[in-house]
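K.L.:
Questions regarding the structure given below will be posed in turn.
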């Protein structure tokens, strides 16, 4: 039989699917979309993306972004790999247990996707200088913590500047794409500070963390979680006075588990397991690999849409529920025009004689701020830092000087203040906000009717 003529296979371009989005027009493109190879190359060569979190969602995000044409990625995560991560955080292997998540995730994606460069950062997000985050075009969030989201939201909104008419300056907008999952549920959202609601504008979407009354834990435990929290919150302090409990220390977790078992047996309560103990103590949110994959895909697509304008971005909050079938919905939430984080800032009118120390006291007394232990920055100029002690000592002499002089004798300017805000339950949270300072009596400044309590 004669040999059949088999046509040679044409190699498929790695960017074939991406080219369909970036090289041609469409009915749903953003008005600013300019298709062409140059756009694809710019995304590859110049766009820098920071992925925060290298867990279940973060692993998916790194993979999806690398396969979507982004070549300059960085990832930050403070955690190390645990055995319990391996079933859903697909970039990790058993031999990786104990290693930093960010470093292993970056290494694995670079091994699989040629040409991509991923810089890992094994650290807390708070340990990075604020300007570190300003070096990126987009920040993609794969976090499981409300506190971490609020911190990054404050940082990104801190870069935002407003025009005289209180419209945001486009070049100062730091886009964020936020994803979150819990079991079969998830969300993806686009945050354009000053344009769409920031995280603080919609904080009401997140329910308060469940807390157990201590009297219930001590006297009438009714379920396994009560027994675990009793061992964690009460017995640990009683037995190990002065020793800090470390949830990432296996010996500490084993001690809590053993004590919870004894407590449960005493009251005839079933269900205490080691995995449940970890979940209760560390407030672990249940995660499913398929949910992470779906939400990550939505986040990666929104990231591509923001940088390329190949389609209009999500407006502005996508919810997903895969518990009973498949359900998605997009909701348009509105900005809080008086938001202390993404808004133009609280307006405070001062005399030119007001000292920095007096101004910091005013921040604590202001009814809309209630900001204690405040640090103050004016652009790149640090006026005062509460911590670390060596910096506080360095800036301390400024406290007695007029704020007007420290700010370069400008008539008005926007400054950033970082401190702790009092909550209704007497707890405090770290926050960043903007304050618009106007000096009465300075040349060229007309009297304003906005007082310190406005």
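Numbers here mean position along the shown chain, with the first residue as 1.
Cβ from N, Cα, C; glycine included.
Pulled these from Swiss-Prot:
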MOD_RES   2  N-acetylalanine
BINDING   56-80  ATP binding site
ACT_SITE  215  active site, glycyl thioester intermediate
K.L.:
For residue 80 (ATP binding site), what is the tally of other C-beta atoms lying within 10 angstroms of its C-beta?
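P.N.:
There are 17 of them.
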K.L.:
Please report the number of other Cβ atoms within 10 Å of the Cβ of residue 64 (ATP binding site).
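P.N.:
By my count, 21.
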K.L.:
What are the sequence-distant neighbours of residue 60 (ATP binding site), meaning same chain, six or more residues apart, C-beta distance under 8 angstroms?
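P.N.:
For residue 60 (ATP binding site), the qualifying residues are 90, 142, 292, 293, 295, 296, 297.
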K.L.:
Which ones in the same chain are close to residue 76 (ATP binding site), with CB under 8 Å and 6+ residues apart in sequence?
P.N.:
50, 51, 52, 53, 54, 102, 120, 121, 123, 125, 128
K.L.:
For residue 56 (ATP binding site), which residues in the same chain are close in space, meaning a Cβ under 8 Å from its Cβ, but six or more apart along the sequence?
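P.N.:
Looking at Cβ-Cβ distances below 8 Å from residue 56 (ATP binding site), excluding near sequence neighbours, one finds 85, 88, 89, 142, 181, 287, 289, 292.
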K.L.:
For residue 72 (ATP binding site), write down the residues of its own chain that are at least 6 apart in sequence and whose Cβ falls under 8 Å from its Cβ; none is a fine answer.
P.N.:
45, 46, 47, 48, 49, 117
K.L.:
Give the number of CB atoms, excluding that of residue 68 (ATP binding site) itself, located within 10 Å of its CB.
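P.N.:
Result for residue 68 (ATP binding site): 18 other Cβ atoms within 10 Å.
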